[in-house]
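Per TrEMBL, the feature compositional bias 'Polar residues' maps to 1-12, 769-782. Residues or ranges marked as region 'Disordered' in TrEMBL: 1-62, 641-683, 764-792. According to TrEMBL, the feature transmembrane segment maps to 95-120, 341-366, 387-405, 437-456, 476-499. Annotation source TrEMBL lists disulfide bond at Cys203-Cys216. What TrEMBL lists as domain 'EF-hand' is 564-599. Annotated Ca(2+) binding site per TrEMBL: Asp611, Asp613, Asp615, Glu622, in sequence order. The annotation compositional bias 'Acidic residues' is assigned in TrEMBL to 663-672.
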Amino acid sequence: MSNRPASGQSRNAWVPSYGNDGIRDDPDLCSDSQVYMGGDKSRNTARKSSAKSPEGSGGPLGAIKRAVRALWATRQTEETRADRELYVKTTLRELVIYIVFLAVICAITFGMTSTTMYYYTKVMSDLFLDSSYSSSGATFRTLTSVEDFWKFAKGPLVNGLYWEEWYNGNAITEADDLGYIYYENKLLGVPRLRQIRVHANSCQVHEDFQNFITECFDEYSSGMEDKEPFGPYYDPSAENYTAWVFKSESALEGSSHWGLIDTYSGAGNVQNLQSTKNGSMEIIDYLEKNLWIRRGTRALFMDFSVYNANINLFCIIRLLVEFPATGGAIPSWTFRTVKLIRYVTVGDYFVLACEVIFCIFILYYMVEEAIEIKKHKLSYFKSFWNILDILVILISIICVAFNVYRTMAVDEKLKSLLDSPDIYMDFERLSYWELRFSNAIAIATFFAWIKIFKYISFNKTMTQLSSTLGRCAKDLAGFFIMFIIIFLAFTQLGYLLFGSQVKDFSTFLNAFFTLFRIILGDFDFHQLERVKSDMANQKNEFEIADYFKRGYQKMLDKLNFKRDKIVDIQKALKSADINQDKRVDFDEWRQDLKTRGYADGEIEAMFAKYDRDGDRVLDEEEQRRMQADLFEQKAALNKEYDELEGKRPGTGRRSSSRVSFDESGEESDDEDSGTKSSRTGRTTNVSYEEFTVLARRVDRMEHSIGSIVSKIDAVLVKLEAMEKAKLKRRETMGKILDSITESDGTSDEMKREQMEKLVRDELERWDSETSMMSGRTGSRPDSGQKAGQEIEDALLNMDDYLNVM
């Protein structure tokens with residue numbers, strides 16, 4: 001793939017002794033540290049050998065050999081390390097030639113495709129996949145049953161295949177205008193329906209159901225195909241119908257197809273449609289009426305081809321409906337837009353010229369690589385670039401061969417179609433390999449662009465990529481192995497977790513590619529999220545964490561109840577001795593514990609346990625014994641509580657509730673009902689949570705009542721002070737009036753001054769008394785009114801609490 005310059009130095013590669021003089025001249029096989037040994041002496045020796053060789057003669061044979069040698073000279077066949085100038089010339093020459101080759105292959109690939117292909121595929125897919133066959137908007141994409149298929153076949157399928165009216169509703173009368181889709185795309189031949197069936201009893205029914213299920217139809221496999229005729233094939237009126245007779249893949253010249261569920265052969269029961277809409281509708285109605293699709297049907301193909309002369313493109317269409325053993329129907333489709341007729345326009349003939357030049361280049365590089373293999377033997381294959389050269393050449397040869405075959409096959413098929421326009425012409429296999437051809441050309445072009453680094457490696461900057469990859473190749477290989485192991489593990493995990501619910505994980509291969517898409521950020525997160533939400537909404541039949549948490553809470557409640565019980569009894573011993581005679585009789589004991597909410601039976605049992613002499617009185621010794629027992633029990637409970645707190649799975653809470661004790665002092669607990677049994681005589685069947693809520697409400701109500709009482713007392717004090725002040729003012733006014741009446745000898749002026757002075761003194765005294773009263777009560781003069789409002793509000797709140805209770 002590189003050229004050899006015509007220089008005297010290059011002729012050293014062709015002397016008989018070349019390759020045996022210890023010189024390694026391959027820049028790709030030798031490291032940069034290897035230097036040509038021999039210097040001028042070696043070059044002089046090589047020149048002398050060249051001068052003595054027959055090639056050094058000036059005859060015609062020598063000139064031809066020199067020309068041939070110069071034509072295929074490369075850095076791997078010439079001694080370029082000894083002559084830097086020769087190395088540069090050879091490299092540049094190879095690069096220029098390769099750039100021409102790259103331009104030719106790009107012209108071919110871009111001449112094979114166009115943006116029109118995408119729009120052609122879109123138009124055809126929209127017509128057959130998105131046309132509705134029911135008022136609910138159902139399309140082929142949403143097809144789910146056999147009934148849906150027949151509705152589609154009699155609706156969007158025949159309507160899309162046969163355009164027998166103009167867009168204004170007038171019938172198309174000219175024969176040349178019939179057979180077009182969208183008035184532009186010629187339907188080639190007639191469409192074909194083909195189904196593949198499995199025979200009855202292809203699977204084994206479990207012995208428990210053999211009396212009820214007489215037939216069993218397994219999933220599809222080529223060995224289980226039903227090849228027997230079925231249905232009304234014997235009916236003379238059905239002679240034109242081939243749908244009831246099985247035909248092999250070779251007879252149909254068909255090919256296998258990779259569906260969503262399985263890979264199907266090219267055989268089956270085949271029925272061609274007609275070239276008119278009415279004729280095709282009759283066939284479809286006949287097949288539906290006689291149950292052509294049956295329980296054994298596993299796949300149904302609808303094949304047809306169209307050609308658009310405006311853009312010189314074929315669209316090969318295959319609609320597939322798979323009927324899995326589970327029941328229902330799963331649709332899929334294939335639209336292949338290809339250019340099977342390659343040479344029509346001037347641009348096409350330009351591409352043809354480029355293809356001829358491409359073939360010449362391939363022959364040139366084949367000879368070049370053969371010379372290099374002959375020179376370096378097996379060491380030739382140690383270079384990455386040499387392997388890439390071989391791959392490009394092999395792919396190119398295959399593409400050239402297919403190009404020739406495709407041209408001949410298309411001509412033959414079109415000739416047969418023109419001779420018999422009412423037959424089905426199968427372009428399926430040809431279009432399949434046409435796409436493989438396009439893929440191969442794309443790969444070859446990719447490798448060709450990568451290979452350009454081989455010819456620009458003389459620059460240090462351009463060799464950074466190759467040198468970096470070469471030095472870390474082992475590390476990359478090790479990382480790749482570890483990555484693949486982990487990746488396959490996650491693939492298996494995703495397949496097992498989501499395979500039954502998410503389409504992207506329905507098969508191991510789908511899960512593999514889905515994970516690659518996830519790495520790139522392209523995946524259906526919402527579908528996975530729905531699966532996760534469904535799993536999250538499922539209620540576990542048994543929550544182990546809740547079980548342990550409930551058990552732990554029960555233990556805490558028991559300990560709290562017992563400890564509160566001990567505290568109550570200790571308080572009762574201190575407060576029950578009302579007369580302070582250091583003796584607690586039963587009446588005092590009963591009265592104290594009654595106020596603490598204990599029942600008579602419980603009080604009697606606890607008292608009798610420590611009343612050894614039965615005199616219904618606890619003396620000092622009996623009280624000390626009770627105190628000692630209570631202290632030991634409380635210490636043991638505290639220790640057990642601390643140990644339980646250290647192991648707690650959640651947050652425990654203390655309970656201020658009471659528990660009942662039997663005669664042995666143990667707590668009564670109804671674990672089956674989940675409620676705490678109350679003391680004798682108290683309300684039962686109340687859960688602990690409800691009791692706690694009610695107790696808190698009672699506490700809040702007691703607090704509110706206390707606040708109300710204190711406010712009422714303050715108001716009463718204020719009212720009493722106000723009443724005293726009113727009496728005092730009345731007394732003062734009486735004194736003023738008396739003093740005025742008694743002073744008859746004084747003048748009016750003196751009486752007025754005396755009255756003013758008394759009134760002023762009285763007002764000052766009132767102000768001082770009012771301020772003193774406000775200071776004592778901590779309120780303003782209008783505090784009485786405010787206190788009344790507060791009392792009213794508090795009473796309303798208390799009424800609310802009573803309603804809640």
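Count begins at 1; order follows the chain as displayed.
Every residue, even glycine, has its Cβ placed from backbone N, Cα and C.
Since this is a predicted model, take the numbers as computed values, not measurements.
Known features from TrEMBL, placed on the structure.
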residue	record	Cβ contacts under 8 Å, 6 or more apart
Cys203	disulfide bond	Cys216, Phe217, Asp218
Asp611	Ca(2+) binding site	Phe586, Val617, Leu618, Glu622
Asp613	Ca(2+) binding site	none
Asp615	Ca(2+) binding site	none
Work out, from DSSP, the number of helix, strand and coil residues along the domain 'EF-hand' (564-599).
22 helix, 2 strand, 12 coil
Give me the sequence-ordered set of same-chain residues, not including Asp611, Asp613, Asp615, Glu622, with a C-beta within 8 angstroms of the centroid of the Ca(2+) site's C-beta atoms.
Tyr610, Arg612, Gly614, Arg616, Val617, Leu618, Asp619
Around the Cβ of Glu622 (Ca(2+) binding site), how many other Cβ atoms lie within 10 Å? Please give the count over every shown protein chain.
19
Cβ neighbours of Cys216 (disulfide bond) where a neighbour is any other Cβ within 10 Å:
17
